[in-house]
Structure formats: C-alpha cells, structure tokens
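Have a look at the structure below before the remarks.
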Amino acid sequence: MVSVAILGAAGGIGQPLSLLLKLNAKVTKLNLYDIVNVPGVAADISHCCHQLAGGELDAAVTGIDLAIIPAGVPRKPGMTRDDLFKINAGIVRTLVAAIAANSPKAIVAIISNPVNSTVPIAAEVLKAAGVYDPKRLFGVTTLDVVRASRFVKDVKGEADAAELRVPVVGGHSGNTIVPLLSLAQPAVELSEKEVADLTHRIQFGGDEVVKAKDGAGSATLSMAYAGARFADSVIRALGGETVVEPTFISLSADAEGAKEIQALGAGDLEFFAVPVELGTEGVKRIVPLGKPNDYELAAIKVAADELKDSIAKGVEFGRA
Ligand SMILES: NC(=O)C1=CN([C@@H]2O[C@H](COP(=O)(O)OP(=O)(O)OC[C@H]3O[C@@H](n4cnc5c(N)ncnc54)[C@H](O)[C@@H]3O)[C@@H](O)[C@H]2O)C=CC1
Ligand SMILES: O=C([O-])CC(=O)C(=O)O
C-alpha cells in the first residue's frame, strides 16, 4: 500500500515513468501533477489503470509516501546540466515546498537537473519548513548505474548487464560521475584503455543522447526505466526488504558510514552519491565501498572539487 506522486508527469520522463509505476502492484495510489497536459495524460492512463488524480499541486502531494520529481527543462546540444539551474532551481523549490507542507514525511526523489544542485536546494527548503530528514531525500543517479552495467556489457559480451553491479559515486554530471569499475560485482577484467574509455562513456552518456536527439531533449525512456527501478527499490524497502541502490544523498544521513567515503576523497562535502541500503525510513546505512584503485581515487578528487561549487550554489539558492 504505497501512495506515489509524480511531479512533472506530462513530460518526456514523466509519462513513461507514470506508466511504469502503474504496472507496479505495490503502488496503490498514483497522483500525477504537471503544469500542462496532465488531464490528457491522466485520462489516457486511466483507460488501462485506475486511481489517478491530476491537476492541483497541494492535492497531488497530500497523503503520499513517495514523491518523484522529473519536472523541469532538459538540455539541448551545447548545454551543460548546470545551464538548467536558472529554470529548474525555482521549479524544484516550489514543488518541494508543497511536499513539505502537505506530506512532511514523504520520501522525495529528485530527477530534475542539475541534480548536484537541486538536491541541496530541496534540503534547504525542507529545513526552512522544519521537516528535513536527510534519510528521506534522494537525488536519482540510477541511470548512471544502469549505463555502467550496460556499457560494460557492450565491451565484455560475456557480462550479464542485469546481474552486473558497478558502484558509481560522486554526483550526476560529467566528471562528478565516478564509476568504480575495479569494484564491479561480479569482477570484470578490463584493460587500461577499456577502463579509460568506459569511464568517459559513463560520465558523458547523457551527452550521447542529447546529441542524438538533436534539440528534442535528453534521455527520457532510459531515465523512466531507471526512475521506476529506483522507485521500486524504495517501495520494496518501505515494505521491509533489504535493497541497495547508489544514490545522491546527504552524508549526514549515516555519519558513521560516511567516514569511509569522506576519507576516500569526499572530504567535508555534504552531498555525495554512494551505495545506500534502503529501509523503512529511507536511508538505512551507507554500504562500505571497499578499496577503489588509484585511477578511481584521482577521479573522486576531481569530482569532489566540482561538486563543492554545485552544492554551494544549490544551498545558496535554497536559503534565499
Ligand atoms: N537524474 C537524471 O539522471 C536525469 C535527469 N533528467 C532531467 O529531468 C528533467 C525532465 O526531463 P524531461 O522529462 O525530458 O523534460 P520535459 O520537458 O519533457 O518534461 C518536463 C515536464 O516538467 C513540467 N514542468 C515544468 N515546470 C513544472 C512545475 N512547476 N511543476 C510541475 N511540472 C512542471 C513540464 O510541463 C514538462 O511536462 C530535466 O531537468 C532533465 O535534465 C533527465 C534525464 C536523466
Ligand atoms: O544528459 C542530460 O542532460 C540528462 C541526464 O541527466 C542524463 O541523461 O544522464
């Protein structure tokens, strides 16, 4: 029995994500909200499913356990995710404020870019409303993990993409995305060149789609797939299962578990993507990583430097 709201439900990600969540038997109520076209999407989905509410923001985020936010503008060729900040920062602030007012205990999963800044914005909005719980706020970085498995499979045909787990830490843009290929499970043998090429492809996988869509947006279907997987993991964990997903969180959600990643290069950054064991209250613990190699440690340092500014930018906007 889980109630979910999708905010930005009429968009390129929102529509397939809504459909995928309707197929999830554990989702007993699905509220769809967007500023355009939601009656059309809700009517469409209601012909194959039921229990939908469209339209009004406060109603859409009342009585929910999980809010997923894919609202906001996507990139066009030549843009960075940070270029989206100007528009998406305000959208995320408005939506999270409504969640804070109407479902203060809801788990909030943010897809809207730049994730490295929109999650810190959300944290500040929740703090200002007096309802911030770092265990319940997530930036969705599942697509990086999905890509990592898929791209390794492209190189190593014998690897099973569905089974292969490559930890990806840091953030969600370019150099802040750090795949830890040496810690893949099961282990994969890769040459130095394969590691360099794969790391670059995972870091800039989003650009491949932006380029191919040529002005028509960024990843939507693979993101809906990844978003549905993340939502399902959260929902299963709410039901008592043990589930691990890498995701961008406040390291204060598990101060003890965070020590390892801080020592590996995250330093005093407040937010970082790490493998998280999910539980009935959101973050249960940060899962120990093991020992990244020197190449990966250097990449973590680069990611941390870049993340610092993105996080600060989000915090500043969220406090204003
Ligand atoms: N975290 C990740 O891995 C990924 C994140 N993204 C990000 O997801 C976001 C959405 O991408 P798309 O669905 O392709 O864009 P889109 O433009 O197709 O859809 C966005 C939807 O948000 C809605 N919207 C705008 N302002 C709103 C508001 N105040 N309240 C509710 N809805 C609002 C729009 O009406 C639109 O329907 C972008 O910021 C994109 O960069 C995209 C892919 C992967
Ligand atoms: O590249 C983009 O702008 C969308 C995104 O975050 C991704 O596909 O990883």
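Using N, Cα and C of the backbone, Cβ positions are placed for all residues, glycine too.
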Candidate from Asp34, Asp58, Asp65, Asp197 that TrEMBL assigns to the same NAD(+) site as Gly8, Ala9, Ala10, Gly11, Gly12, Ile13, Gly14, Asn88, Ile111, Ser112, Asn113, Met223: Asp34
Neighbour count (Cβ, 10 Å) for Gly8 (NAD(+) binding site): 27
Local backbone state of Ala10 (NAD(+) binding site), from DSSP in three classes: coil
Largest tally of Cβ atoms lying within 10 Å of a Cβ, found at which of the binding-site residues Gly12, Gly14: Gly14
Among Arg75, Arg81, Arg147 [binding-site residues], residue with fewest other Cβ within 10 Å: Arg75
For the domain 'Lactate/malate dehydrogenase N-terminal' (3-139), residues assigned helix / strand / coil by DSSP: 61 helix, 25 strand, 51 coil
Close recorded positions near Arg81 (substrate binding site), where close means Cα within 10 Å, chosen from Gly8, Ala10, Gly12, His172, Met223: His172
